[in-house]
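Asks: Right, I'll just put the structure down here and ask away after.
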Amino acid sequence: MFVNEVNDVKIYNLSAGKSVPDWLTDRRKRSQLMKKVDSRRQIELIQDFDMPGVCTSIRMSPDQQFILATGTYKPRVKCFEVSNLSIKFERCFDSEVTTFEVISDDYSKLVFLQCDRYVEIHAAHGRHYRLRIPRFGRDMKYHKPSCDMFIVGVGRDIYRLNLERGQFLQPYESDASCLNACEVNPEHHLLTVGSKEGTVEAWDPRTKQRCATLDVAMKLPGVKVFPSVTALKFRNGLQMGVGTASGHVLLYDIRSRQPLLIKDHLNKVPIKRLAFNPSQNAVYSLDEATLKLWDEQTGKQIAYVESTSSFNDFCTIPDTGMFFLAQEDVKMMTYYVPAMGPAPRWCSFLDNLTEEIESEVVENVYDDYQFVTQKELEELGLEHLIGSNLLKGYMHGYFMDVRLYNKAKAVVEPFAFDRFRKEKVRQEIESERKSRLQIESKLPKVNKELALKIMDEQANPSNSAKQRNMPSLLQDSRFKAMFENTDFAINKEAKEYRLLAPVLNRLDKSKAKAIKQRIEVAPVAELHAEEAQPREDSDNDEDLFGFEKSDGDNEESSGDDASSDDEDRREYVKEMKQAYKQVKRQREEEEEAEQEDDEEADGPDDYAAPIANGNGNIKDPAPKKSANFKLTPLDSDRGNSVAEQRIKQASLQDRVRVMSSLEGNVTNVGRSLGNRQMTFEVNKEKKAQYMAKKREAELKKHRDERRGIVRNIKSLRLKRVNFK
């Protein structure tokens, strides 16, 4: 049970509670709910009060003994009996239900309006008759004195289906193009319909003529969009409530064209349903986001209920403080507001419970299951469980039993809890420890350099006023942990950081250079502002791609800048080469260490060819260590290092600059596109000598191997064989 307090009004959500996974069977769900202490305190007012997918509409029978609800999927209707607090029957349809009406005191006579233009009439045993209307319907109401069912929808006609004679009568023709809602007054049985044009028409079923027309849209102040009427409800014989698509509720006396009160939901969402509570002078108004309870005299809000999913419909129990909500979810919500009235007679025990229950928040989580991603599963060494019943696939990961997760976590990281405990103790000590000298320091404890850069950029005078007024990352709560938690500290020893260090240094230098140029050029620009002429836009490819011009007019002005740019490029290339070499050296050391570990794991080879001694006896030679052969994929080279792979991933401009210093000289030729040329030399003689030496070494190695395997001929003794 969840208790929410709004304006000193307590709202009890009787459907709230800890949920269990949907894939469990009903038996396992009940067993898990019984094991938990919180679940034992949970109130299940009506058993199985839910739908397979979505609940679209909900009603209470006039005798207040049955609750009927429609939903999907499959389209169905459920009837719950309040005397037993359980379901009575369930029926399925061929199509979804738009709305339905209870035309008897109990569930024995029901009429359903479906989305495929069919109208189904049900009796106590099931479906009695099914017929079709000419156009799609949106709402319908039953007129008891004449046994007529009024149906409105797409079109101007108000269809009349007489249930006593079993035939359609002459429809009423309204002035509107489309009708959205209809309502019959419970006392004098006046029929009112709401149109798309924002008007309400009143029809007298006795004379079968239109009595009056009320323009609702003209009374709404400050509405830019033309609002249509979406909901109608009578409080008594004289007062009426009108809901519009703009989120307004208007209260009228049918004897006047001026509204008594206008209530705005302030969210511009159409009103779906209205209800009155005469005993408390309250109005219930529902849109897809909220259900608001407010005073009908002043319009002051009493309480509200916010939706976790879109609301579709609701119904109240007369003279009580309980109401039911149908939403775009499996559960049908049950709420009880003691300020609106007592509990119904069939659940009078709620009045005693609410006096003892304290406000508490119950989260809707899976307590017994842990969500893990594929990466976390590999770290725990449980990827072999994929496909078994121990893992349940969900979104981008899996649900697993929390006990299994804790055991695997303890095996993989046996000292994780100790580290966590020490870290918590350290944080508590630091928070309570006070320094003798209270020095105000704006820099955080973690990532001080990054914080300093952010503060410098924020205080840069060259920034616009809008940029200076923007909130800093240091003050943003979303990035608070980055400057407090040591897990987010920048590791300067990581490979990624060392490869990016030259780029970051160059960016810092370029920013400093730009600031310096701006300071030097600013006074000159102010002196020659009047003499300066607008520069013409250049269509040359050199301007587009950032190439330097070689015209005589620009050589003098850009000479110093070009020389400084060349120096910056050379320094940048040098730093990049050093970073690549460091990464390459570290990678080679790691490969050598792995190779040595493999050799130690493999051990010496116990097999060698037998060699005969001088006496003719065969003896085994000393165990000879076999050569280790390593299989290498065809698409990778032994010479390919991490540095070369990094170069391949870099941009074309940086790649050319680095490779030019390694392989040859790159020069500019001409002023058009494709103006780069590379010169390099290939020493064929040195390459031939190297290949010859390599071939000779391989042959020598082969001869040594053969010499160790072939037997010595002199050691063999020849015996004469006498043939007789």
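Glycine residues also receive a Cβ, built from the backbone N, Cα and C atoms like all the rest.
Okay, so TrEMBL annotates it like this:
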- 2-359: domain 'Nucleolar protein 10-like N-terminal' (DOMAIN)
- 365-413: domain 'Nucleolar protein 10-like second' (DOMAIN)
- 476-503: domain 'NUC153' (DOMAIN)
- 526-642: region 'Disordered' (REGION)
- 527-537: compositional bias 'Basic and acidic residues' (COMPBIAS)
- 553-566: compositional bias 'Acidic residues' (COMPBIAS)
- 567-578: compositional bias 'Basic and acidic residues' (COMPBIAS)
- 589-605: compositional bias 'Acidic residues' (COMPBIAS)
Asks: Per DSSP, what is the residue tally for the domain 'NUC153' (476-503) in helix, strand and coil?
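Replies: The counts are 18 helix, 0 strand, 10 coil.
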Asks: For the domain 'Nucleolar protein 10-like second' (365-413), report the average pLDDT of the model, please.
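Replies: A mean pLDDT of 82 is what the predicted model shows over the domain 'Nucleolar protein 10-like second' (365-413).
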Asks: By DSSP assignment, list the helix, strand and coil residue numbers for the domain 'Nucleolar protein 10-like second' (365-413), in that order.
Replies: 21 helix, 14 strand, 14 coil
